[in-house]
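Accompanying notes for the structure given below.
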Amino acid sequence: MEFGVKSGSPEKQRSACIVVGVFEPRRLSAVAEQLDRVSDGYLSSLLRRGDLEGKTGQMLLLHQVPGVLSERVLLVGCGKERELDERQFKQIIQKTISTLNETGSMEAVCFLTELHVKGRDAYWKVRQAVETAQNSLYTFDQFKTNKAELRRPLRKLVFNVATRRELSIGEKAIAHGLAISNGMKICRDVANMPPNICTPAYLASQARRLADSCQYITTKVIGEQQMAELGMNAYLAVAKGSSNEAMMSVMEYKGHPDAKPIVLVGKGLTFDSGGISIKPAEGMDEMKYDMGGAASVLGTMTALAELKPPINVIGVLAGAENMPDGKAYRPGDILTSMSGQTIEVLNTDAEGRLVLCDVLTYVERFEPESVVDIATLTGACVIALGSHASGLMSNHNPLAHELLNASELSGDKAWRLPLWDEYQEQIESPFADMVNTGGRPAGAITAGAFLSRFTKKYNWAHLDIAGTAWKSGKEKGSTGRPVPLLTQFLLNRAGVEVED
């Protein structure tokens, strides 16, 4: 969809539809009051009649409003004016897009970006409107033989800002919002792919494809033979039961001549059966989403390719498949990781940390400024935080604060969990340096504690996205998270300013 920004009076807009807000109880927004004046009280008469209360998400579509050049006016309920926050703002944008898409309005001018949202500026409102609109219109229907097609879908949406000074800010917000939502789309498309198609080799092909389309990105793919030469035995153990070869794709974005790189490491288990410690059948189909970390890294690199910030970033897609087989690794095995540390396997379904620990050792060679790993790592994180926030752990307070700040700015929430030394005691082994699972108590934290043993040489953070990477049930599918958080973090690091 095409987006634009302008600053003008609502009654003078020649458009298929203009969108304005109404507050609860039956109170016109400032822009709606302008329309009411030029229409001799037409809107206020409708409200007095009880046609719209103004509750969040209510919609009323009007045709041929007197004194207004637009063909239609869409009144949108925004709840109580003083309570309009970022969550409600996204809800009303989502409902607005859905309604416009069904009205036959192929283009519209939206004045909702002039509403006051607590603690948010014009840049935030326009960018979030773009991201929300794009995500609302997302479909994954590649494998459907009969695709649903709207007769006259929404093609163009223009956001109005209060002053002409905000036009350049709005244009930058649209550019950022489009890049992030395009990155989210790539993330969602790859994650939603069925596991018979999205294998480690498929992940590698997508990494190469992005490099082919962007002069700032190069991709190198490392297969099992080279992994063996590097001593990545923990990573390889996970892949032993699968006929699909493990592949690690290393993508380098070069936007600065000599800055130290920030490294993003994405867990890429394209299917996780649990291995010998096999998972229950119910819900196992969703284990195709166990590569959500790698998908989010690919999506973030896609956003970087569009935004071209002056920063160096390395994205690693750690692709593998965890399957049961006569060659599969077993509970009781002891593995020697690339770092030389030994790991006693208690559960083959705690495999993501075995893949990641070797990749975290591998990336030492880049002498990174900081490393962030992203993984659908533990069900325990879902129990702790649900689907609203990703779990964050770090060995470096400033890095953790940067990521939390990026989560607030982007609306892609994260919550920090502790990594106290006491948790390390849960992963001690009588036979090796550590075990690969610390049991049920604090399971998300002990997984982070395990990874922390491989990150002594750099500043590191871990994002557990098991609760945020995908949805189940009627809305089943990838969410595209945490692409907004990661992209915002990198934009902040690159010093990208919002105002010109």
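In case you wondered, yes, glycine gets a Cβ from its N, Cα and C as well.
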Candidates D290, D325, D333, D373, the one Swiss-Prot lists with K267, D272, E351 as binding Mn(2+) 2: D290
Shortest C-alpha distance to K279 (active site) - which of the recorded positions K267, D290, R353: D290
Between R353 (active site) and K267 (Mn(2+) 2 binding site): CA-CA distance (Å): 9
Shell list (Mn(2+) 1; ref centroid = CB of D272, D349, E351; cutoff 8 A): V238, L269, S273, G274, G275, S277, K279, M287, D290, N322, T348, A350, G352
Candidates K267, K279, R353: member of the recorded positions with the richest Cβ shell (10 Å): K267
Collapsed DSSP category at D349 (Mn(2+) 1 binding site): coil
Residue among binding-site residues D272, D290, D349, E351 with least C-beta crowding, 10 angstrom cut-off: D349
